[in-house]
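Input: a single structure, listed below in structure tokens.
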């Protein structure tokens, strides 16, 4: 039943993520089409006016086409003006992607009033959609990476003997950092080839883009009319932006969860320490609780109902552990203690009232979580549950008329 519900929840999350991706894609296509209709006619008029001024200037100073082209390239490089059309469908789609990704190079901006008004409305509704989409895709990416890493650990367990086969948030953060590094290194090489940048400048552009700073000093797709005649390169550039931002969004979510878990663990330790400190004040008066057993079968029955208390592994001695729920006399190094069989063996045919068995709660309350975990096989979150089970054991002893006696000091084991 739980497995079916879990599968249904995963399918619902996948459907939600796909729906957000499709919705964002449709929103981008719609915006590109509208900007193409609004800005392309004005851009064509401005381009015609610019070309007429260029021809007049060329005739006035009487220079060759090659010399004029060199001067023109120098002016464009100095002032970051772009000669290629920016508001055809490919350029409009690229502009919408940068706007919703909060990058904004500033290489192209709406010039008409209606285009500016539509840009305000478009971004106002588009940014929430894109942020939700990036977050949802990032969560699915985290789930996929966690599943993959777990399979890898299980497959290589026989060779490397991993102590922990679970995948933590720290493992996912490291993996996604490596994916981002691979993406930046690969994309920078392609940008350096197509744009003519140095490899260091390409890495600089990739970093500025994925951090959504977008200075605009390096902008791809502005040479050789790539926006119109090289759709594969345009698709790669958009893929680089969306994929990189998705990985960074998922990494940010994991980092926030990692910090929150650290804070929660510190609060849990503090709360447990306060409880242990209060218990220590009580234990100053009761150094040890001696319980004279009345009925062996009651103890064995209780241990049958609580199998996790029936056996545990000690290191040196149970009494040397900071957190103790049962002490007994026969303590040896690295020995498996089966409480159920021990009671049967020692108490069968013997005067039970003369036998003493110590049940102690937090003899040394100032325990560290890591130290306790070495003696008992449970996680940090289960410490409070184990503490409650200890109190339940004391309540059981009282209900079975166990006689509690106070002693002045703890017997040596």
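Each Cβ is built from the backbone N, Cα and C atoms, and glycine gets one as well.
Caution: TrEMBL annotation is automatic and unverified by curators.
Taken from TrEMBL, the feature transmembrane segment applies to 15-35 (among others). Counting same-chain residues at least six beyond the ends of the transmembrane segment (15-35), those with a Cβ under 8 angstroms from any Cβ of the stretch are 87, 89, 92-93, 95-97, 100, 110, 115, 118-119, 122, 126, 129-130, 132-133, 136-137, 139-140.
Annotation comment: TrEMBL describes 72-141 (among others) as domain 'Potassium channel'. For the domain 'Potassium channel' (72-141), the mean pLDDT of the prediction comes to 86.
According to TrEMBL, the feature transmembrane segment maps to 87-108 (among others). Long-range neighbours of the transmembrane segment (87-108) within the same chain, counting only residues 6 or more positions beyond its ends whose Cβ lies under 8 Å from a Cβ of the stretch, are 24, 27-29, 31-33, 35-36, 39-40, 43, 80, 119, 122-123, 126-127, 129-130, 209, 212-216, 219, 221-222, 227-228, 231, 234, 237-238, 241-242, 245.
The list of residues near the transmembrane segment (114-134) in space but at least 6 beyond its ends in sequence, with Cβ under 8 angstroms from a Cβ of it, reads 20-21, 23-24, 27, 31, 34-35, 38-39, 42, 96, 99-102, 245-246, 249. According to TrEMBL, the feature transmembrane segment maps to 114-134 (among others).
Here TrEMBL flags 172-191 (among others) as transmembrane segment. Sequence-remote contacts of a segment are chain residues at least 6 beyond its ends whose Cβ falls under 8 Å from one of its Cβ atoms, and for the transmembrane segment (172-191) they are 141-142, 145-146, 149, 197, 199, 202-203, 205-207, 210, 220, 236, 240, 243-244, 247-248, 250-251, 254-255, 258.
Residues annotated as domain 'Potassium channel' in TrEMBL: 179-259 (among others).
Per TrEMBL, transmembrane segment is recorded for 203-221 (among others).
The annotation transmembrane segment is assigned in TrEMBL to 233-260 (among others).
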Checking distant contacts: for the transmembrane segment (203-221), what same-chain residues at least six beyond its ends satisfy Cβ-Cβ under 8 A?
80, 82, 91, 94, 98, 101-107, 180, 184-185, 187-188, 191, 194-195, 197, 227, 233-234, 237, 240-241, 244-245, 248
Residue numbers, six or more beyond the limits of the transmembrane segment (233-260), whose CB comes under 8 Å of its CB atoms:
90, 93-94, 97-98, 101, 103, 134-135, 137-139, 141-142, 169-170, 172-173, 176-177, 179-180, 183-184, 187, 190, 194, 206, 209-212, 220-221, 226-227
